[in-house]
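Just below is one structure, and these are the notes that go with it.
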Amino acid sequence: MDSDQTPLINPSLFEECAQNHFAATDPRSRRPFHIEPSYITSINDDDPQRITSVASAMNKRIHYYSKLSNPSDKGLIAPDHVLPAPEEIYVYSPLGTALKIDGSDGTGKNSSIVTIFMIWNTMMGTSILSIPWGIKQAGFTTGVCILFLMGILTLYCCYRVVKSRGTIPLTDTSNWEFPDVCQYYFGSFGRWSSLLFSLVSLIGAMIVYWVLMSNFLFNTGKFIYNYVNDVNVTDDVLSNNGSDKVICPNPDSTRPLNKSMDTYFGNGTNYEQFETWWSKTNTVPFYLVVLLLPLLSFRSPSFFAKFNILGTVSIIYLVSLVTLKAAHLGFHLRFSWNQVQEFFVPEFRLSFPQLTGILTLAFFIHNCIITLLKNNRNQKNNVRDLSIAYLLVGLTYIYVGVAVFASFPSPPLSKQCIQQNFLDNFPSSDILAFVARIFLLFQMMTVYPLLGYLVRVQLLGHIFGDIYPSVFHVLALNIAVVGVGVIMARFYPNIGGIIRFSGAACGLAFVFVYPSLIHMISLHRRGQLKVHSILIHVSIIVLGIANLIAQFFM
């Protein structure tokens, strides 16, 4: 028993090393737990650093037991109580360096700048294409105010999600995600309802992606066909005059048309055949099935994850495109609260809930924010970094939304012509818009399998306990998800409508209801629940419910 209390490192050497433990220039401050004698060399011509026989014996036992079974077998892994404390363990590299392990929870990987950028990059999605349309639906002044207020509200709710794990006493929640917190407070209902709303957000995103990919593939193919065959096509729609052409595809309706309207100059028969086989809603959504259905069946999405940088490149290019177009077109604004005008919209419109639905999804990161912040090097900065990230996201949305809305040439075009995907306001022959569509198309084709993988993990993993139970199960799920996307792209290609419905639905649970309820329950259990807190958080829940209900009346 006395031998168990023997220090692993000779006390005199340990105390001497401890004095210089934080001195980066002292090589002894990076001493590994154990080094084989053949690796021990003199340091600055001093005597070699010797390790006790107890440490040497323990090292040999750990190596011995690790070879008795398969590495995947957990039965013979050394238990925690026989290992040194985390602060005494070093990872020794054959390259000659030793890395100190600060803790066993794996935190402390990324700086604040990296964390902020990760959150910004994760939140920047397809919603940015519909922000100008949402501002048009709400009115310019009202839309900008709603953007600001929704950013603050969703940030507060996200803050409550981050703090939710800390409200659980006497339990190690270091590896918990927000659905685990929901299960703790609401039981199996919390678990399955969080799964349901998470699937709503994922499948909604996949539907939007399918509609947009059909749109981008159609316009890309049309541009290439016209260029290769030297076809001179002018869009037979309302447009402005000038080199930076802006069009109004649907002057009398906010619903996208199922066919393009062009006047062509060339071989009419060939062009008519091309239009028959290359239709935005009748054929192109089905062509995507051949491209994407096999990709959804991959067991691992690691290959597609390598292309995540394309999302950042696409957003930067979109912002640059909007800046360039706005500089050339100039601003066209006229403020009016009540007067109905031919080319402008009122500053306040009753259809503003369409923007709140879009923004709920645009600011939605609540189901994965805990995971993103786990790797923050300084956990004390989580709230600050989250706030900065939300500020940058909000500024990006406001910049794109205001620039597109304000620079839309009115007159001769009405602001009502702003499309749910603002790239549709640029003709297929626009080279800058063509490059943007190419970027977004390729980026979405790499992200779509990742979304499908997440759906598979959450649905099949919960039902069967295996994310790949069989080829038949995976294929059936993929066909169902792809089928929904094809149907929506064929009969309801309105990304603004899809985004606002899915955003209001998943946001009801993850943004408005669960964070507020969990906070009130935790305060009640500690005897700290006050009337003003009840009023604030009940109001947030009511706003979430009203946001969802209002989408059905727009």
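The backbone N, Cα and C atoms fix where each Cβ goes, glycine too.
As annotated in Swiss-Prot, N-linked glycosylation site applies, among ASN110, ASN232, to ASN232. Looking up CYS248 in Swiss-Prot gives a disulphide bond whose other cysteine, out of CYS17, CYS417, CYS506, is CYS417. Membrane sidedness, as given by the topological domains in Swiss-Prot, differs between ALA138 and PRO469. Across the structure, SER127 (arginine binding site) and CYS417 (disulfide bond) place their CA atoms 18 angstrom apart. By the Cβ criterion (under 8 Å, sequence separation of 6 or more), the transmembrane segment (534-554) is not in contact with the transmembrane segment (388-408), since fewer than 3 such pairs are found. Contact counts against the transmembrane segment (350-370), taken as Cβ pairs under 8 Å, peak for 501-521 among the stretches 113-133, 192-218, 501-521. Against the transmembrane segment (113-133), the recorded stretches 140-160, 277-293, 303-327, 431-451 differ in Cβ pairs under 8 Å, and the greatest number is found for 303-327. Counted as Cβ pairs under 8 Å, contacts with the transmembrane segment (431-451) are highest for 192-218 among 140-160, 192-218, 277-293, 388-408. Between the transmembrane segment (140-160) and the stretches 192-218, 277-293, 501-521, Cβ pairs under 8 Å are most numerous for 501-521. Listed stretches 192-218, 277-293, 388-408, 473-493 were compared with the transmembrane segment (303-327); the greatest number of C-beta pairs under 8 angstroms is found for 388-408.
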